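S.K.: What TrEMBL shows for this protein is this:
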type	residues	note
TRANSMEM	B:7-24	transmembrane segment
TRANSMEM	B:30-49	transmembrane segment
TRANSMEM	B:56-77	transmembrane segment
TRANSMEM	B:83-107	transmembrane segment
TRANSMEM	B:119-137	transmembrane segment
TRANSMEM	B:157-179	transmembrane segment
TRANSMEM	B:191-207	transmembrane segment
TRANSMEM	B:260-281	transmembrane segment
TRANSMEM	B:311-331	transmembrane segment
TRANSMEM	B:343-362	transmembrane segment
TRANSMEM	B:369-388	transmembrane segment
TRANSMEM	B:408-426	transmembrane segment
């Protein structure tokens, strides 16, 4: 029984939150990795792209709520999501047209594009704050739990409750669907294959008649969709605050690099590795250990390896370890 | 127009902007802008050393600046004797143990033969070391933080003159830079950018959470000053008399006096650094740096130690950023870890360097002064513009109120636009590298 | 500063900037005036030119291939063999001369447009998509075709049976010789009117080289004229209908493969006796 309780506590406080967070990171890292593979730079504006897509979704959600449109037990934000994606797509395409395309035509070095993306980051960041303000915004509604802790306790008779939030469920399901769609697109469609070919060998792609501007456009569209989905899921699960989205840049980059920059599978693996490490290292294990260990060995402290404020340090240290011992990332990306 | 004339005009323009602020707003605002502008210029020189001279992509400026600030606290604040008695030695011992663990792991990695045994040994050392470190550190930290938490709750500093803190801040930053550079620069794939981004966040996290070190988010306030206090000046009859002689009221006069004092100090530091950076640029060392930057392979083939030189300049640049951080904390008179944000302390400095002209020290200084001026002044200008634009709207129109509310965020937008416009139309900056 | 306004200041940060696969292909079509010479299926006619504003590398150099033939360009290192091929493919600044395909002047077309017009080109290096499977490589070869290309793919699998076997493997995992087959197969997917190979046997073992030459002969037997640059002059001339020996960007000797192999001058200078 104690072991079951320990398992439930583990699932409740570590496993489920980490899976949800990992899915969000993975979606974000996929966007970063696609840009790196095809446009060949690390997009510092990615966190703010997520924020913009989420902001549009939040605004549409509020409007829907105000006119009484709802999605039953599911959050209204899911209905608003397509609008957020469209808004984000429009914005990144305009940005590409007005900013990035010039540097592609100049054959500017990738690092110049990184600096350019810093400028875009400032603008997106300013836009978000200008429109919705820098404060915390909540926009989730509908049922809060798929299984609440109390129901679970009643159902199973265990001491530990297992709460499964609707937002966590939605995050996981959505992430699976989005990733499946992305991989189907990249591996099965002509356009998707041409994107991979372009990322692999630009000259040969040009010789094969692949139009680089089309590849770039599709990349931005996909990245906008991924960023918005990741941002909305994160916002539903926690809350929407522009600065936090900017800060997500570090764990997202860490995920992409740990997995191997340029490798979509790596981005997903990296996202989960970072998420699980962050959650396990900053979780206070007292409860779980209390159930599993004999009373005499029960710990006095919280058994928290690092305080939650050091979660960035966790992503960073994992990044460091992977890069020291396997510089290309786990899935042989391009950061040789 | 020849380059020197153009550059002089550019500097004159920035000077004029600041003078205008003095005339139109107040001389206090003007000096405030000038002082932070000078500090920013020092940061920009640091970043320019790394990016402009050597092409090193450091996006962790914030961390080095914060370390400089920490240096200011550690040097200038009076020591808290009670806290030292409560757990000072324990904290030191804990930190030494932590460092020892890492050193032991590195030695194990170097000495033991490759294989699973080595990995296990390293993991063992690290895990055991971690728990020993926590076991020694945690109780001492608790004891230290329990000492009068509302006022101190930390170990305090050395109680030395604050000016001494400036080089110490630089040294702290240099030490951190050495650690980062040693791990990040030597690898086949150098991932300095992401490493610096991460380390900056970690430094801020440490400052925010390790209360025993610098009180965390409770902030250390009331740092000693290198210049007199306003209140003392106001109580000094001689000063009041002189102020009256100039026709200024004593309160304003005292604030101006203090700010000018800072300006002079900062200007001296800036000029010395600028001179040193210029000499470095023109020296054989500077030429070698640029040669490495422009063709690393060729430089390496000619027997230049590329990684070594990169490490050198990375440490130097970071030290300059740390120095600037100590100067800034001295100017503020307080260390507030909560206010360190990458947009403001890392990316804004980058905008300064790029706009001013990467690779040119004068460009970096100009960019810093100009961008800092904009950063401060965009807010009132934006507010004014929005007031003009929305003046036709109803007084209580929600859109109007929202826009007025949001004017403060115009500065981020403006910085982005300025950076993109300069990159597009004058990619080498206002004062290009010679 | 060395590289213009948008250079990278020597930055090597692989975690933020991806220098892999950055294209180098620059279209430089066009000359100032054409000259008419003999009718061949594909001819680079009296070409003079170099890269950008640099010095001329080719001097009045003519290379041609007739229907159903294999033409080989040989010569010492730095003779401009690959340059001549690039010129025919539109990647060189021609100051004089013209390129004609099937009687049509294509001097002013970009490399991409030349592919659309029926030229198949296999570069010397980076000539496959290493992370794509063999089959996907072939599909990308047929990217410009909007019709059903399964027939062409079946033909290529007939020509290169090993590719059919490894169709679902990433091309980067294949051996050197197999990669070259993928590269040639990729170029054949457009059903080109002429195939151009830039040193197809560079860096492969002698046994693999023989096999590759066999395959190339088989491709030629399907009726596609082949123009090829080769380092291994003797073997190449043995299978060549026509050979061009270039020296310092000029035509030094021209003749059938057999004639050149028997020419004592050529033998002494280029074939090692």
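Here the Cβ of each residue, glycine as well, is placed from N, Cα and C on the backbone.
Let's see these features in context: how buried, what's close, how far.
M.R.: Counting residues 6+ beyond its ends, the transmembrane segment (B:260-281) has Cβ neighbours under 8 Å at 31, 34-35, 38-39, 41-42, 45, 48-49, 53, 163, 166, 226-228, 320, 323, 327, 331, 361-362, 365 in the same chain.
Under 8 Å from some Cβ of the transmembrane segment (B:311-331) lie the Cβ atoms of residues 35-36, 39-40, 42-43, 45-50, 53-54, 56, 58, 61, 64-69, 71-73, 76, 162, 165-174, 176-178, 180-182, 185-186, 192, 223, 225-226, 262, 266, 269, 273, 289, 349, all in the same chain and six or more residues away from its ends.
Beyond the ends of the transmembrane segment (B:343-362), by six or more residues, the same chain brings 7, 11, 40-41, 43-45, 47-48, 51-53, 59-62, 65-66, 197, 200, 274, 277-278, 281, 290, 321, 368, 370-372, 375, 412, 415, 418-419, 422-423, 428-434 to within a C-beta distance below 8 angstroms of the stretch.
If one looks beyond the transmembrane segment (B:369-388) by at least 6 residues along the same chain, the residues whose Cβ comes under 8 Å of a Cβ in the stretch are 14, 17-18, 21, 29, 32-34, 36-38, 40-41, 348, 351-352, 355-356, 403-404, 407-408, 410-411, 414-415, 418, 430.
Outside the transmembrane segment (B:408-426), and at least 6 residues removed from its termini, the chain residues within Cβ reach (under 8 Å) are 343, 348, 351, 354-355, 371, 374-375, 378-379, 381-383.
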S.K.: Counting Cβ pairs under 8 Å that sit 6 or more residues apart, are there three or more between the transmembrane segment (B:119-137) and the transmembrane segment (B:157-179)?
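M.R.: They do not touch: fewer than three Cβ pairs between the two stretches lie under 8 Å.
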